[in-house]
């Protein structure tokens, strides 16, 4: 046994060694700093190996820097981040937030929601930085139910007054199409900054609520906020939807007066607004003046020209787009097909339609088929149009069959029209207008017996029509009253 003095020094020596070991465990800055400076996963793996060797990997801060790079860096590896995460006994909130954030912007945002559920299961407390990422995952998952559930959690943790959390709620509700809930969150906010105004205005514009978007834009300006380019683009979209040309022109003047940069997004929004309002000269001037154009810019101009019957110009612009090596998408090709309909260019339209997948990698959807059926019907190729419909990968809707019926009427093809009316009646028994069309075709062909029988059928169907009714709220005892209409 050592003398008391020596024993004291021995104890001090042991304590000193423990202190050194402890300090090494917590001296994370050198290697954590190295993790922050990594430029590739190979470099990160080297830092990771050094952290294991020096036992710094057990330090939560050091581990968080590894996860941060692997999860969020452009050259990172999310699966590697998850492996690191799996070996941390008690992840801190920052680490949870990092992984939720990474998944929220990934191709699998639902995984971010799963991580949040796991975080709550392990009783880890979310903070004000957690919910914006969780709500982004909700928005990118387009889950209305999820947004409502997370809203309840926000209220539970008393974070509904945080402006960043509230902004996330507004965006999540907007993406889910729940603008009433988004507006409630907005109205309850005490402090609204530019980003919040931007989110709610963009939400209304994207949900085709043009009047609300324009009204909020006016309120934003009257409160002294300077709108960003994103807000201006959203309001211009609302002006296009609502045919509000005067406001669109005022915004254009504001852009010029304030020297707002005319980037591709704002320029495209202006082109779309002018084109949909029939101001094609102004739209073309902006289009020609843009230094940068993307496929949406070309679409706005081509579709605007097609919409207003300028088929030749639309097709010429499509050809110019090809020469500029800009790859068209489904919207571009729909605009070209519409232009062909207006100009009666059946052969060119057929060529475009049947080359969509082969040349452009675009699978025709119902709108493309509807446009093609309309084009063939106008050109008198009724049987070809009927064959196109019956060969579709999906069941045609009433609108597509209606386009064929319109072609039948134009060319007096009663035989096909009778088949089409039968199909439409099977899809929508309440559609009595098709009987009127067929009756008129019989009359034009002098088939009066068929006219009489068809009109008799219309009359009988009208007599057998079930009365419509609805229920309205009754008295305070929650009774309802039936109202027949």
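Using N, Cα and C of the backbone, Cβ positions are placed for all residues, glycine too.
Feature list (source: TrEMBL):
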REPEAT    92-126  repeat 'PPR'
REPEAT    162-192  repeat 'PPR'
REPEAT    193-227  repeat 'PPR'
REPEAT    294-328  repeat 'PPR'
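Residues 60, 63-64, 67-68, 71-72, 78, 81-82, 85, 133-134, 136-138, 140-141, 143, 146, 150, 153, 157 of the same chain lie 6+ residues outside the repeat 'PPR' (92-126) yet bring a C-beta within less than 8 angstroms of a C-beta in it. Mapped onto DSSP classes, the repeat 'PPR' (294-328) shows 26 helix, 0 strand, 9 coil. Per-residue pLDDT, averaged across the repeat 'PPR' (294-328), gives 96.
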